[in-house]
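Engineer: Summarising the annotation, TrEMBL assigns transmembrane segment to 6-29, 41-61, 73-94, 106-127, 147-168, 231-251, 301-330, 336-360, 372-393.
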Amino acid sequence: MGFLDLLSTASTPILKVLIITALGSILAMDSVDILGQSARNYVNNVVFFVSNPALVSSNLAQTITLESIISMWFMPVNIIITFIIGAALGWLLFFITKPPPHLKGLILGVCSAGNLGNLPLIIVPAVCKEKGSPFGDPDVCHEYAMAYASLSMAMGTLFVWTFVYNLLRVFSEDSGNNIPKETVTMKEDLTQSLLPSSTSNVNMMGKEKGMLGTMKQHFGNFSRAVNLKAVLSPSTTGALIGLIVGMIAPIRRLLVGTEAPLHVIQDSASLIGDAAIPTMTLILGANLLRGLKGSSGVSLPLVFGIVAARLVLLPIIGIFIVKGALYLGFVHADPLYVYVLLLQFALPPSMNIGTITQLFGAGESECSVIMMWSYGLASVTLTLWSMFFMWLVA
């Protein structure tokens, strides 16, 4: 492929995202007020609880089988590596720039967690449809692109709400910010005695009840510590349902395919899921507008340090990791799959981090400014990296 063909193929999906994002920002302006704060909350709830899970579950059910999930075992490992290396770069940046202590968790979060859900779901299938794409037949490419992007979204959501959530929680506690009620309750529970009563005449039934109560309390403490409700978000639940349907052959034959007896359920889920991508992009643009309106104490050197770590250094490291995994035979030589693995290193920060900062009340305005700069500059870096990755796998 020539340079202009690569540039056109890589830039067109990004331009589509920019146009819809700009429209979302316009709709959120005070003079228009179609996507105001209350409207965004309602629309975001529909996307979060309905459209996203339908999109992820329907696409995974259609394209994932037991054999394919085994062949894609490296993707969760790859995502874990992006989180670990990103956090290490964020830690290094913290010592170089010396920002306020309450921003430590935010810096580590935005450097470690990329937008592994929305952007791959938009970019990867769109690349398949472009003329001159190096990934073969557009229909087959689109089918597998949705599977890879859906699995990426499920894994990304899981790690954001475990790793990043607890990272920001720990540092928000250290900096003295307010913490969610469930965390306070957990601390109170941990101060209570977990030992059974020392009364000598306790019978066996009492001991069993004491053991069950202790086990229940331990499980409650654990679930609050890792926030199981957040981990089992609708998108993650939808991914689990899609994986179960796809990997269990009898259920798959019942729901997937034009000749399946209950294919109307799968078709309905796909129809609802089709609304997720454009709606998510509009909300992204509306949320980024807050970065222009709000003022914060975050310094430009810190912002550009985060952008350099997330959008420049991490993709460079990712190239060596993915090529090394390919050389060692950990990754099968599917150009589209390798492209998705590389792309996971080059994405801007996850938008879920903004939700987590609101939850803990730590660095909300700073997060909006960081997101605005990151996504603005990512329109350039992501185009260049996407073009380079396509040349690399082709």
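Using the three backbone atoms N, Cα and C, a Cβ is placed for every residue, glycine included.
Note that the coordinates shown come from a computational prediction; the quantities given were computed from them, not determined experimentally.
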Engineer: Among 41-61, 106-127, 147-168, 231-251, 301-330, point out the range having the most Cβ pairs under 8 angstroms from the transmembrane segment (6-29).
Structural biologist: 106-127
Engineer: Looking at 41-61, 73-94, 147-168, 301-330, 336-360, which one has the highest count of Cβ pairs under 8 angstroms to the transmembrane segment (231-251)?
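Structural biologist: Ranking 41-61, 73-94, 147-168, 301-330, 336-360 by Cβ pairs under 8 Å to the transmembrane segment (231-251) puts 41-61 first.
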Engineer: Quick check: do the transmembrane segment (41-61) and the transmembrane segment (372-393) share at least 3 Cβ pairs under 8 Å, counting only pairs 6+ apart in sequence?
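Structural biologist: Contact between the transmembrane segment (372-393) and the transmembrane segment (41-61): absent, because fewer than 3 Cβ pairs are under 8 Å.
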Engineer: Does the transmembrane segment (372-393) reach the transmembrane segment (147-168) with at least 3 CB pairs under 8 A, where each pair is 6 or more residues apart?
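Structural biologist: The answer is no, given that the two segments have fewer than 3 Cβ pairs within the 8 Å cut-off.
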Engineer: With the transmembrane segment (336-360) as the reference, which stretch in 73-94, 106-127, 147-168 has the largest tally of C-beta pairs below 8 Å?
Structural biologist: 106-127
